[in-house]
Amino acid sequence: MVDVANIHLPVLLDDCVNLMAPALEHENAIAVDCTLGLAGHSIAFLKAAPQARLIGIDRDSEALGLATERMEREGLADRFIPVHAAFDQLDQVLADQDIERVDAVFMDLGLSSLQIDETDRGFSYSHDAPLDMRMDVSQPLTAERILATYDAAELVRIFKEYGEERFSRQIARAIVARRDKEPFTTTAQLNRLVDEVVPQAHRPAGNPAKRVFQALRIEVNGELDKLASTLPQAANRLHVGGRLVVESYHSLEDKTVKSFMAQGLRVDVPAGLPVIPPDAQPFFTDLTRGAIKADEHEIAANPRSASVRLRAVEVSREIPSRWRKRFTQTAQGLNDVKIQGSASPGRAKNTARIRTRRG
């Protein structure tokens, strides 16, 4: 049995609770944790907000089961609804629950400790494992398949775009040249190749393959495209006074979150107008004044928190209809949002329903 208490350390837990709890103080408040993992954050949210209910979404069925067991042990199961889905299915999840609006949405975009510490999915370059990298093992696309089928140009694209890898072209060419003789099936093989290609003098701190692993994981799971689709869904589902709280762990995620939130933090008129119409005023309030980072004490206790950036906004007024329409189009991939990587699970699966609504 997995000892979840030892492998899951929620990052910036107190900060996240302090940001979420004010939106959950009223009766029948509803929160959504789009990245449930092992429920470390969600358990704290429910304990801090005894009137709230929480929908926990995760595409990893193993994590979902373990999180549900934790909720039962904590006596919180009656206020918890587990849903097997990808987080970009947020609209569908809420529709299935007959919920129009919610009070808080949380996203922790890092890999769960369970996924990192399990050696059979290939998320970590520290262990030899199959090149899988799927968060949802029912999905068809794996890292092995990418390395076997993508041409050099496609590999260069994902290594450069998703890994910000300086030697993307050289690594891609080496993979294509070698794979016919030696198919890439394990993380050790990929580690060795990157080690051979990247010059010693130009290596980042840590394992030289970490950017390549990141790029493959993002491509396999469609992470950035799902994030770009989910953020506008979340905004459109929040009550006035509702909060969107997001933890990201690499610059591409943080840029996506920061850019999305900035849309609602600025005045929506051309510069120089003498009077700003009420409908053009910002509809978000910045709750974190930029990003909150882990301090040295948290990093010492949990090294995986070193790269975290926590951002949060509150919906300060009703989002204008033109922005709601724009957000809906973005969520559907109609505003230059690329949808790549693996498909989402066909339909959200849940075992319970929330029957109370906000009055």
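Cβ atoms here come from the backbone N, Cα and C positions, even for glycine.
What Swiss-Prot records for Ala39, Gly40, His41, Asp58, Phe87, Asp108, Gln115 is S-adenosyl-L-methionine binding site. The feature compositional bias 'Basic residues' is assigned by Swiss-Prot to 350-359. For 339-359, the entry in Swiss-Prot reads region 'Disordered'.
Of all Cβ atoms in the shown protein chains, 27 besides its own fall within 10 Å of the Cβ of His41 (S-adenosyl-L-methionine binding site). The Cβ of Phe87 (S-adenosyl-L-methionine binding site) lies under 8 Å from the Cβ of Cys34, Thr35, Ile57, Arg59, Met107, Lys226, Thr230, each of which sits 6+ residues away along the same chain. Other Cβ atoms within 10 Å of the Cβ of Ala39 (S-adenosyl-L-methionine binding site) number 30 in total over all chains. The secondary structure of His41 (S-adenosyl-L-methionine binding site), as reduced to three states from DSSP, is helical. A sphere of 10 angstroms centred on the C-beta of Asp108 (S-adenosyl-L-methionine binding site) encloses 25 other C-beta atoms. Taking each of the binding-site residues Gly40, Asp58 in turn and counting other Cβ atoms within 10 Å of its Cβ gives the largest count for Asp58.
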